[in-house]
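As annotated by TrEMBL, compositional bias 'Basic residues' applies to 164-176. The compositional bias 'Basic and acidic residues' annotation in TrEMBL covers 213-229. Positions annotated as region 'Disordered' by TrEMBL: 1-25, 160-247. Here TrEMBL flags 291-333, 335-376, 421-455, 522-546, 553-586 as repeat 'WD'.
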Amino acid sequence: MDLIAQGYGSSSDSEDSSSGKPAKVAKITSTSLQVNGAPDVSLEDPMYARHIYTNPTDTTLSVNLDYDSMVQPVQGPVNPFASKTQEVRKNVWTGHVEENMFSENDFRTQQQSYAAFGFAKDPSVLSVADNGQTGSGKKGSGFVGDIDRAKEMDGATIWDKVPKHLRNNQNQKKRQTRGDPSVLEGDNAYRGPWATFEGDGIGEISGPTEEERDVHDKQREAAAEEKLARNKATPAKAVANGSETTVFHGKEEHDYMGRTYMHVPLDLDVNLNGEPGTQTCFVPKKLLHTYTGHSKGVSAIRYFPKSAHLLLSGSMDSKIKIWDVYHDRKVLRTYLGHSKAVRDVNFNNNGTEFLSASYDRNIKLWDTETGQCKATFSKKTIPFVVKFNPDEDKQNVFLAGCSDHKVYQFDTRSGDVTQEYDQHLGAVNTITFVDDNRRFVTTSDDKSLRVWEFDIPVIIKYIAEPDMHSMPAVAISPNQKWLACQSMDNKIYIYNAKDRVSQNRKKLFGGHMVAGYACQPSFSPDGRYLSSGDSEGNMWIWDYKSCKVHKKFKAHDEVVIDSAWHPHETSLLATASWDSNIKLWV
């Protein structure tokens, strides 16, 4: 404590300090080892301090510092593990910005000099060049850019006179002479103010040379041969009605009790006969299984109704396959009957039958268990979407949205068209039943959304805004109250699906890139999450309540065109892509 008293001084010390004499520090000698618990303090009188030490990161100071205190080097231990970028004192996120006083005229001069000559003076005021000017530049030259050219031109700017051999206009075209006014034709003909630059070829006959003509003729002949060969290629033969086939891939179609794969498995730890959406759902974290069997991109996947122990897929290889979701997770049956890519598939309520729509302009009705094609429907137009009426007493009726701007209502018993809905101005992309199946909503390439009363071909609601885009994919929420519409402006809009169909402007989901692709959105069974694929193979999952992105992960190598949540699992998600694979995530 004696050291503290002597270091700080007493009242007499302050009098000595005011007289101009520094305080004397007493010598301390000790003959025996003593323990001093007092902290170390500076013995220098603060009235005679030579420097005030500041933190390099300080932005404000309460005292005025002299120049020597402000420019003294940074002291202290150096971090041996810090990189060069970490050693830079940052005052912005990307680095260190120096605030300098620079006139507009000087800035424009240096900017244009750099564009013309490739160098400019270093505007920094915190460094000094070898010649004493502010701004060290490269290697102490005071210039940035091409310092060799700067030395050769002696740091000239655009306003300085530069020797001819250093100017940038050495390769500039020379202008022709005006010519002789007395000469009308020839080399020295009068051109006057219309004289052009040498090499422009103005007034000369232009056209391809003989060599260029020969090359062009050969290319044209090769293109004609290629077109002829392409036209000779045999197109895909249409499958005649009644010649559809099926292939069973399992060992036995029936088990020891005579049951087929249609039987809902009971040896699982999940109740597949329970009510969907009763469990709390979570975001999938890892890949569970990959189905490989299609040779081209998969266009649509559908879970088996209610139990979801089977997965149906339609592909661009014109094949339809049904897969086992549990147990072996292998393909069970392949349905062969289309000659072109399959666009859409749809189960009836109990899953015994399903519809398939193809680009071969046919809609086929299949028996799920036996693989038999029961009927074929066609209106000589491409069906883009097919949908059974969900009512139990109308399982013989389905709707088909086609490329001729119409929605056709078919009866599977007679095969006839019982109704036509023809108000759209573009191809119909989606059909969604709402309001207890009394109405249905359609979207089209005409950038509109229309609501119809079932079996009455009159629009009851028409939605089309100037800023609307086409919405080629629509999903309905588990509580049947909301429609999630995938828009071509890379957003998902939410519409009310009850009495008054209108947009919910408080809900908007974005961030993904889907322009040009009909990526199908999907709700989790409890309605907490909304998912969608994108054109880059990513899977996006949003929190439905907050509209924020909850998770994004790489799912496939190509566009993820469809996704579906398992109705009884907590986090089982199926994704289909144009890379010909179907994946299960859990």
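Note that Cβ sites are derived from N, Cα and C of the backbone, with glycine treated the same way.
Within the chain, the repeat 'WD' (421-455) has long-range Cβ neighbours (under 8 A, six or more residues past its boundaries) at 382, 384-385, 387, 389-391, 394, 399, 401-409, 461-464, 468-474, 476, 480, 483, 485, 495, 497-499, 501, 518.
Each residue of the repeat 'WD' (522-546) gets a DSSP state, and the totals for helix, strand and coil are 0 helix, 13 strand, 12 coil. Confidence for the repeat 'WD' (335-376), expressed as mean pLDDT, is 94.
Mapped onto DSSP classes, the repeat 'WD' (421-455) shows 0 helix, 19 strand, 16 coil.
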